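Student: Can you read through this structure? Questions will come right after.
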């Protein structure tokens, strides 16, 4: 039907007769001469037709998004008529034959216009996908999947599918449940990850497994979350953390070659505690400086009882400083007010600061600090004339969070972030357990191997867990797993999953661990998030062919939707009103 894609045609084809096919991107009638920009997956080429052509009458019928097959002769555009914005901007095709394969209703959205309301774009997603940008995104997505398969296969990994219909083990996010017609009153769950099955594959001697896995989580949505998503999932036997990290680094190095980036290995490693204390985040963006500085000891003798009491409780509370170079000339009073309102959203009671001016140090904190305290702050933060030092004080968790967010906000405001940089980081030595209202739960998941399980302070127990971070975004992570039944039971006990409940939920895993499970570990990388970062897309929805909205619905198909009474009866379900 066609001899060339649109952008395959160039000056070397001048004089040749070729056939192209695609959609009418734009249509123009200039004094009887018809110009059509034809679009296919590769890009655009201009078709031209005057009244002397036998295709002229057909060309007059063409409108936006009509499906066309065109035959014609390639010629150079006239002097001064070239379009440098197009790859084919120096040539055009003089129409000899034109077939309208299909007509189109007037499109409700302009193809490729990102300013169109997103809900409308998602409702007509099949039109939205016609944009050249969308094609490039999914072309890259396909390439990355192929690179992943080839790279891991070369390292001895087997691609193995794990079940989609699985057992509900509600830990963390809610499961999507599927009622069983055969087993009345019982349900399957869609997998939140292949975690337990890939561990069982290691017990089964598969040694190295991977899949590009579909996962499902019924959780509140954010800009970078979807109820169904894809991850690069892998597991290895007889390995330690360094082995797993090495595989991930090799894989990411190969993947980023696809967009022309050379990334160096090994990636920097940072303990979780250092990341939180210095950057207020377990996924710090290191494309810019601005570390948080601990200055609690500078407030020990403060005349403000609130600050001095916080300084005397370093286990549970923090006083953190953020020195912003040159900010005194850049931040007006209104900007300072905006920053205060910003941190209040995250639990701050206010935002104290010191302005380092030529005629002295100004700010509401000055009167509460001794001369020694002020001197120590300047030394610790490296503050000079023209700088502003911001302070956060109070509960450790709250302060680290809002000061970390302030760090990012300031960097964005002052344009300190190199948008073209790629800064990879491993965050390691995560806490094994986190405190909740009802005791403790596993910070990653309860199948992670702890480092020091006998530690008297449960909050000091660390995990053999690791996250890979790119530019402040968690790409993925993993851990070394528990491979002995006794240790698995011990971890369950720590998070109040006692024997009976453990057997009910995870009895099949505990049974498997009795039969010589090898040491093993693995990782998962968020595939959608990876593609979002590689393409610099604004939303994860841009890199998924048919995404859900932030209300977990599909505007294209109107899913989820009600089902009829007969279907409900077959599934032994009665709805309560």
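Glycine residues also receive a Cβ, built from the backbone N, Cα and C atoms like all the rest.
For 171, 217, 444, 481, the entry in Swiss-Prot reads L-aspartate binding site, with the evidence type sequence analysis. As annotated by Swiss-Prot, ATP binding site applies to 217, 218, 219, 226, 474, 526, 527, 528, 529. For 195-198, the entry in Swiss-Prot reads region 'Aspartate', with the evidence type sequence analysis. The site 'Important for tRNA non-discrimination' annotation in Swiss-Prot covers 30, 80.
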Student: Rounded to an integer, what is the Cα-Cα distance in Å between residue 219 (ATP binding site) and residue 444 (L-aspartate binding site)?
Tutor: 16
Student: Between the two most separated Cα atoms in 217, 218, 219, 226, 474, 526, 527, 528, 529, the residues recorded as binding ATP, what distance in Å do you get?
Tutor: 20
Student: Among the recorded positions listed here, 30, 217, 444, 481, which has the most company in the form of other Cβ atoms within 10 Å of its Cβ?
Tutor: 481
Student: Please report the DSSP secondary structure of residue 219 (ATP binding site), reduced to three states.
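Tutor: Looking at the DSSP assignment, residue 219 (ATP binding site) belongs to neither helix nor strand, so coil.
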Student: Please report the Cα separation of residue 217 (L-aspartate binding site) and residue 529 (ATP binding site) in Å, rounded to an integer.
Tutor: 15
Student: Using all protein chains in view, find how many other C-beta atoms are within 10 Å of the C-beta of residue 80 (site 'Important for tRNA non-discrimination').
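Tutor: Counting Cβ neighbours of residue 80 (site 'Important for tRNA non-discrimination') within 10 Å gives 5.
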Student: Can you grab the distance from residue 481 (L-aspartate binding site) over to residue 527 (ATP binding site)? Cα atoms, rounded to a whole Å.
Tutor: 22
Student: If you count Cβ atoms within 10 Å of the Cβ of residue 474 (ATP binding site), leaving out that atom itself, what do you get?
Tutor: 17
Student: Tell me which of the recorded positions 30, 80, 444 ends up closest to residue 527 (ATP binding site) in space, Cα to Cα.
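Tutor: So, of the listed recorded positions, the one sitting closest to residue 527 (ATP binding site) is 444.
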Student: Which one, from the binding-site residues 219, 527, 529, has the smallest tally of other C-beta atoms lying within 10 Å of its C-beta?
Tutor: 219
Student: With residue 444 (L-aspartate binding site) as the reference Cα, tell me which of the recorded positions 30, 80, 474, 529 is the closest one.
Tutor: 474
Student: If I take the alpha carbons of residue 30 (site 'Important for tRNA non-discrimination') and residue 529 (ATP binding site), what is the distance between them in whole Å?
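Tutor: Residue 529 (ATP binding site) has its Cα 46 Å from the Cα of residue 30 (site 'Important for tRNA non-discrimination').
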Student: Which three-state DSSP class does residue 527 (ATP binding site) fall into?
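Tutor: Assignment for residue 527 (ATP binding site) reads helix.
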Student: I'm checking region-level scores; what's the whole-number mean pLDDT for the region 'Aspartate' (195-198)?
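Tutor: Taking every residue in the region 'Aspartate' (195-198) and averaging pLDDT yields 97.
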